[in-house]
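Feature annotation from TrEMBL assigns region 'Disordered' to 1-39. What TrEMBL records for 25-39 is compositional bias 'Polar residues'. Taken from TrEMBL, the feature S-adenosyl-L-methionine binding site applies to His48, Leu50, Gly75, Glu96, Asp117, Asn132. Annotated domain 'Ribosomal RNA adenine methylase transferase N-terminal' per TrEMBL: 55-217, in sequence order.
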Amino acid sequence: MPRAVSERITSARTQAAAASPRSAPHTQQNSSATTKNPIFNTDRFGQHILKNPLVAQGIVDKANLKPTDVVLEVGPGTGNLTVRILEKAKRVTVVEMDPRMGAELTKRRKLEIVLGDVIKTDLPYFDVVISNTPYQISSPLVFKLLSHRPLFRCAILMFQREFAMRLVARPGSPLWGRLSANVQLYAKVDHIMKVARGSFRPPPNVDSSVVRIVPLNPPPPIRFEEFDGLTRIVFSRRNKVLRACFFSARGVLDMMEANWKTYCAEHGLSVEGVSFPDKVDNVLQRLGMSDARAAKLDVDELLALLSAFHDEGIHF
């Protein structure tokens, strides 16, 4: 992942809040009101602050935190989840984009704050991750977490409901697709709860859902780029038969043949007299998948297809 320079703040360093001209109060009265009930314009960060205490407590309870746990929280906002996590965890690291909210959080104890973009930040060790996720980073965050090493125990993440339903979708369901397969290759994903839009300030235009992601340990010995390359092709026409995905989609067969020729050149294999389309057809026929549809293939079947292509020197 790309490195980023992030600013780390401890609870003792509250001077940063006073130094920000944008957060300076116009009057003493305004300052007092903001301290008691901070309301920020969070639109440019895509954040909706969770205000429902029952939902916040439910999220923390579902994490099954231990007294020895180090917890990563993404997008803590004003700390409605953070204070509950701190009651149960050994230590909490939060990653927050908005420096004004970071200033609010410096009032908490047993807490480290990282100001910056979580997607560009090198993450520290953590056992559990909890997030009220800004909608625009949902997919990048999931894959960044799944690529993190060492593996964490579980993630309790809140997303826009439609995205969450795609994460937990099963083969044959309308939402089963590339995202579902790619995530479920590396993790077990369960839906925990639905959260109404009225639980946030400001309220979003859609409802949200909370999911639990538990990484498979050990992870499958598959290069993600290869699996993603395959799912990108087959789910581009998820309801078409697989043969059409490879033979009818523009440029797909040419790309695969170019990769195959590169592989053969690197391994001293001859391509003379070999029909590449026949090789692809043979793979599909051998697996009985010529007329299968990606919309109904599970992760194991996709892995079998990828392995069969690899056996023929075909890579993605």
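Cβ coordinates are placed from backbone N, Cα and C, and glycine is handled just like the others.
Within the set His48, Leu50, Gly75, Glu96, Asp117, Asn132 that the record links to S-adenosyl-L-methionine, no two Cα atoms are more than 20 Å apart, and one pair reaches that distance. Fewest Cβ neighbours within 10 Å among the binding-site residues Glu96, Asp117: that distinction goes to Asp117. Confidence in the domain 'Ribosomal RNA adenine methylase transferase N-terminal' (55-217), given as mean pLDDT, stands at 93. Here the Cβ of Gly75 (S-adenosyl-L-methionine binding site) has 27 other Cβ atoms within 10 Å, regardless of which shown protein chain they belong to.
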